[in-house]
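Colleague: For reference, the structure I am asking about is given below.
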Amino acid sequence: MSSNKGNGRLPSLKDSSSNGGGSAKPSLKFKPKAVARKSKEEREAAASKVKLEEESKRGNDKKHFNNKNKRVTGAGGQQRRMAKYLNNTHVISSGPLAAGNFVSEKGDLRRGFIKSEGSGSSLVQKGLETIDNGAESSENEAEDDDNEGVASKSKKKFNMGKEFEARNLIEDEDDGESEKSSDVDMDDEEWRSKRIEQLFPVRPVRVRHEDVETVKREIQEALSEKPTREPTPSVKTEPVGTGLQSYLEERERQVNEKLADLGLEKEFQSVDGKEAAAELELLNADHQHILRKLKKMNNKPERFMVFQLPTRLPAFERPAVKEEKEDMETQASDPSKKKKNIKKKDTKDALSTRELAGKVGSIRVHKSGKLSVKIGNVVMDIGKGAETTFLQDVIALSIADDASSAELLGRVDGKIVVTPQI
């Protein structure tokens, strides 16, 4: 037991290790490795060894690539390099671009493909010879080729992407068929036409420039019918000042003369005739509007029109009656008519008194369409007032002491401004 028993504590590890025996030193779990520096001779030997390994690996890769591009031909097992233009290519056996049935003349694996149909054509033969020449040049370039001096010109292949001149093809074909045809006797034009037929089997119709007019005329005579009526007349040009323009100018001159006779420049205090005509048009439009409003008020009794009068009105005077003097003169000459004249006078006075109740003037409509107001013996002009955007009602108020009342008479429909003629 440890000495800490009396204290009530657990024994510590140090106490237990010290009691159990000698203290063991902790050992490292990962020990560093001491790397010794190589000498110069060892480093050079290692570098040369790595270099040799890389060169051997590069040679193996090159040999593998060359073997991949070679194909075994015949029983001798000779390896020949395949032409570069045939890499990543394949023969189409069906479809519009199919190569058809292919045969080989010698039966070896490295053989040219020749279509059985039309294989004797000079174009095919020329292409095969060119391919063989290209294959021979590619064979000379190969480093690991065993048979460098062997040339297989008899091999026949298709031209895959190479071009030839048309003259060379035609010359080859002419050389091959010299025994069967008489091409020697052909002149330049026939030889050129034959070459064009070989290149372009379907010849387009060509027309010389000097024959264009003749061809057009011949086609028109063959397809078009003769006209049965006269040709369409051309557009007729007339001077601008005739017809309607002259009539308008005459009417404008007449209107200006009438305006000058009326003397509207002084009435409207305008500068020129155009301004006077514009003022006259506005005045006529106002009078027509007022006349329509008055007719509408006559049909609808509950409609009223507001008249804006000047602040000072002329004194209303009863018109003098000349008939009274004439009646007094005729009383002595014709006593039998005295009673009738007296009755007529009484009736006129009675009517005049009734008409004057609440009436201060009248609106007159002239033959020209102009409107005017006559108040007493004074004639005034009228014009259209400003329209309101809200409703206005006319109300009659009674302010009697015993009982006051208000009565709605109707609605205001328009406004007229009365101006005196100065």
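In case you wondered, yes, glycine gets a Cβ from its N, Cα and C as well.
Sharing the feature lines straight out of Swiss-Prot:
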- 1-80: region 'Disordered' (REGION)
- 25-29: motif 'Nuclear localization signal' (MOTIF)
- 28-37: compositional bias 'Basic residues' (COMPBIAS)
- 38-64: compositional bias 'Basic and acidic residues' (COMPBIAS)
- 115-190: region 'Disordered' (REGION)
- SER137: phosphoserine (MOD_RES)
- 138-148: compositional bias 'Acidic residues' (COMPBIAS)
- SER138: phosphoserine (MOD_RES)
- 160-170: compositional bias 'Basic and acidic residues' (COMPBIAS)
- SER178: phosphoserine (MOD_RES)
- SER182: phosphoserine (MOD_RES)
- 219-229: compositional bias 'Basic and acidic residues' (COMPBIAS)
- 219-244: region 'Disordered' (REGION)
- SER224: phosphoserine (MOD_RES)
- THR228: phosphothreonine (MOD_RES)
- THR232: phosphothreonine (MOD_RES)
- 318-350: region 'Disordered' (REGION)
Colleague: As a quick check of your reading of DSSP, tell me how many residues in the compositional bias 'Basic and acidic residues' (38-64) are helical, how many are strand and how many are coil.
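Modeller: Taking each residue of the compositional bias 'Basic and acidic residues' (38-64) in turn, the totals are 25 helix, 0 strand, 2 coil.
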Colleague: Counting every protein chain present, what is the number of Cβ atoms, excluding its own, within 10 Å of the Cβ of THR232 (phosphothreonine)?
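Modeller: Counting Cβ neighbours of THR232 (phosphothreonine) within 10 Å gives 6.
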Colleague: Average the pLDDT scores across the motif 'Nuclear localization signal' (25-29) and report the rounded value.
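Modeller: A mean pLDDT of 63 is what the model gives the motif 'Nuclear localization signal' (25-29).
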Colleague: Provide the three-state secondary structure of THR232 (phosphothreonine) computed with DSSP.
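Modeller: DSSP call for THR232 (phosphothreonine): coil, neither helix nor strand.
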